[in-house]
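**Student:** Annotations for this protein, taken from TrEMBL, read as follows:
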type	residues	note
DOMAIN	18-225	domain 'Glucosamine/galactosamine-6-phosphate isomerase'
ACT_SITE	D66	active site, proton acceptor
ACT_SITE	N135	active site, for ring-opening step
ACT_SITE	H137	active site, proton acceptor
ACT_SITE	E142	active site, for ring-opening step
SITE	S145	site 'Part of the allosteric site'
SITE	R152	site 'Part of the allosteric site'
SITE	K154	site 'Part of the allosteric site'
SITE	T155	site 'Part of the allosteric site'
Amino acid sequence: MELVITDSAAEAGVLAGRIMADHVRRGARAIGLATGSSPLGAYRELIRQYREEGLSFAGVQAFLLDEYLGLPPDHPQSYRRFIRDEFTAHVDFADSDVHSPDGNAADIPAAAADYEQLIAANGPIAVQILGIGTNGHLGFNEPGSSLRSRTRVKTLTPKTRADNARFFAGDLAQVPTHVLTQGLGTISDAGHLLMIATGTGKAEAVASAVEGPVSAFCPASILQMHPHVTVIVDPAAAANLRAVDYYRFAIANKPAWQSY
Ligand code: F6R
């Protein structure tokens, strides 16, 4: 695992975007996208590179981590709509190449299995960008999620629903209680896991995920079991880490030939 502490949240987003762009330029067949606020800076950097540097997503398949159950697909907070509004509609992604679990399916377990099959048929996902919940969730794998789980329905914790109420005009009643999410096993199949966390609200979760025990109670601690992980944090999100000096030293002395 490589831990990068940037000088600012803006810099963290640009670096995450650059890393994703490198995968696309190297010929990634599929990339994994997250929603929420954490990846927005990375998406802005990808849009900038598309407009100014010829980065193209033509032929790349994109897979979202998760989707709320029961929100109409055109609801502004459905993740299907969110990712188009914030990212994919601003670049040359074909709409039909952007995939998400079907949170409106009549048969939810079948929709979960279909999503797994779609990823398997189009993968492997070269790079998966990830945020982290204040309770350590990854995707919507809430504390207690099996470390080998696959795409399935999950019940959101009250904490996650409260955290996400800001996207629903602060109205907790509007936040769905259930989601379809890639499992921790599904996420772990990606070649490179790229987690971005900024702000003091994430400091405790980041420290648990990176330096705490591997535990289903901190789902993001599954990162410790993956061979290629980059965690990008700003100073606020790094505040509870113990080995900050070492992380900074390792990046300052990163061999010139070694990419992220
Ligand atoms: C989003 C997702 C979640 C978020 C997490 C952090 O697709 O799967 O794990 O990454 O809840 O959300 P933000 O970035 O809004 O703080």
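Numbers here mean position along the shown chain, with the first residue as 1.
Quick reminder: no glycine exception, Cβ is built from N, Cα and C everywhere.
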**Student:** If you draw a 10 Å sphere around the Cβ of N135 (active site, for ring-opening step), how many other Cβ atoms fall inside it, taking every protein chain shown into account?
**Tutor:** 19
**Student:** Counting other CB atoms within 10 A of each CB, which of the recorded sites S145, T155 comes out lowest?
**Tutor:** T155
**Student:** Near E142 (active site, for ring-opening step), which recorded positions out of D66, N135, R152, K154 have their CA within 10 Å?
**Tutor:** N135, K154
**Student:** Quick check for the class: what is the C-alpha distance, in angstrom and rounded, between T155 (site 'Part of the allosteric site') and H137 (active site, proton acceptor)?
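**Tutor:** Cα of T155 (site 'Part of the allosteric site') to Cα of H137 (active site, proton acceptor) measures 12 Å after rounding.
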**Student:** Given the recorded positions D66, E142, S145, return the subset with CB under 6 A from an atom of ligand 1, ordered by sequence, or none if empty.
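**Tutor:** List returned for ligand 1: D66.
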**Student:** For the domain 'Glucosamine/galactosamine-6-phosphate isomerase' (18-225), report the average pLDDT of the model, please.
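**Tutor:** Mean pLDDT for the domain 'Glucosamine/galactosamine-6-phosphate isomerase' (18-225): 97.
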**Student:** Between D66 (active site, proton acceptor) and H137 (active site, proton acceptor), what is the CA-CA distance rounded to a whole number of Å?
**Tutor:** 12
**Student:** Using C-alpha atoms, which one of the recorded sites S145, R152, K154 comes nearest to N135 (active site, for ring-opening step)?
**Tutor:** S145
**Student:** Comparing the recorded positions H137, R152, which residue's C-beta has the most other C-beta atoms within 10 angstroms in this structure?
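**Tutor:** Comparing the recorded positions H137, R152, the most crowded Cβ belongs to H137.
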**Student:** Checking your reading of the structure: which of the recorded sites S145, R152, K154 lie inside a 10 Å Cα sphere centred on H137 (active site, proton acceptor)?
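**Tutor:** Hits: S145.
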**Student:** Cα-Cα, whole number of Å: R152 (site 'Part of the allosteric site') versus S145 (site 'Part of the allosteric site')?
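**Tutor:** Roughly 11 Å, rounded to the nearest whole number.
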